[in-house]
Structures are given as structure tokens and as C-alpha cells.
Amino acid sequence: AETQPDLALLDINLPCQDGFSLCRQLRESPQTAGLPIIMLTSRTSDFDELLGLRVGADDYVTKPFNPQVLLARIQNLLARTAAPKAGAVLTHKGLTLYVLQAKMRCGDKEAELTRNELGILRLLMRSKGNVIPRDAIIDELWQSEAFIDENTLNVNIVRLRKKLAAIGLPDYLETKRGMGYKV
């Protein structure tokens, strides 16, 4: 299994490419878009610091530095960016779902989600490619004895598909005729 880093500590002067480009690539990738990034460098100009922050670094530390201060910065950044609970961020097929913020992101595009859209997408993403029957989605979202018209689910699916298309994933949510939905 591939593990994701908790934080990136980047120098600007790297052998293969500069740290600015690498920082930009990390921000553009759905897998690392939310990764905390600190630039640690000997380049002390205001221009370089501003550029580092503009391409997505969370902090910019110049050499020489106090190791204890750097460690405190790392700890503070990790505390601020850590997911409060398991399942708070789901990633599948290029889409990142931020459950606690009720938003989704693909690359640099994101969209806000309603409670029902979030519930549908969370259920489907947790199933990772398995078909979820319509009845299971209805039961999960509307856990009451009240009758829910199937059209209610249809309306939410249509809205969710529009939002997915708007962030570049028009075919993300698949209908399996007579069975249900999957991502």
C-alpha cells in the first residue's frame, strides 16, 4: 500500500527541479492538495518568500534557522491540518471529498455540497467501485419511517452530477440500470 506523507519540507534549490515547481505540483495533485508544505531555504529575498507562499507553501523558513523553532512550526502546522477524525477526507478516482467541510475537489476546482449530496457521495466513495442499490442510499440518507419518493433521490443525483461535471468529472457517478449507483 502506498503511504501519504504528513508534511513536505522543501528546499527551493533541488537537483532535478526547483522547489517552487514541486510545491505547485503537490498543490495541483488531488492526492496531495491538502498536504502541509514548509519551504526551508537559504534564499532570503522577499520575492522568493512571496513566490513560495503564492505557489502554495504554508510557511517559509530561511537558513540559518533554530531547529526548535522549526519543530514548533511543524507541530503547529500538523495540528491545524490534521483530520479531526477518521474518514474526514476520502479520495477515489481523482476526487477528494472533505466530509467535515461538505465540499469536493478535483485538481484546483471545488464545489460545496448539500447534506444529501454529501451523504450520497460519501456512501459511494466508501464502497470504492461497488454498486450501491437505490434503496440502500434512500435508507442511509432518510433514516425515518416516512415514505420518500424515488424522485427525491433522482433530484439529488442530478444535482450531484452537475456539480461533479462543473469540477471536471462528468462521468464520475455511474448508474447501473436496475441495480443502483457506483463511483
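Backbone N, Cα and C atoms are what each Cβ position is placed from, and that goes for glycine too.
Over in TrEMBL, the protein carries these features:
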type	residues	note
DNA_BIND	87-183	DNA-binding region
DOMAIN	1-78	domain 'Response regulatory'
DOMAIN	87-183	domain 'OmpR/PhoB-type'
MOD_RES	D11	4-aspartylphosphate
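Other Cβ atoms within 10 Å of the Cβ of the residue listed as '4-aspartylphosphate' number 15 in total over all chains. Break the domain 'Response regulatory' (1-78) down by DSSP state and the numbers are 31 helix, 12 strand, 35 coil. According to DSSP, the secondary structure content of the domain 'OmpR/PhoB-type' (87-183) in residues is 38 helix, 24 strand, 35 coil.
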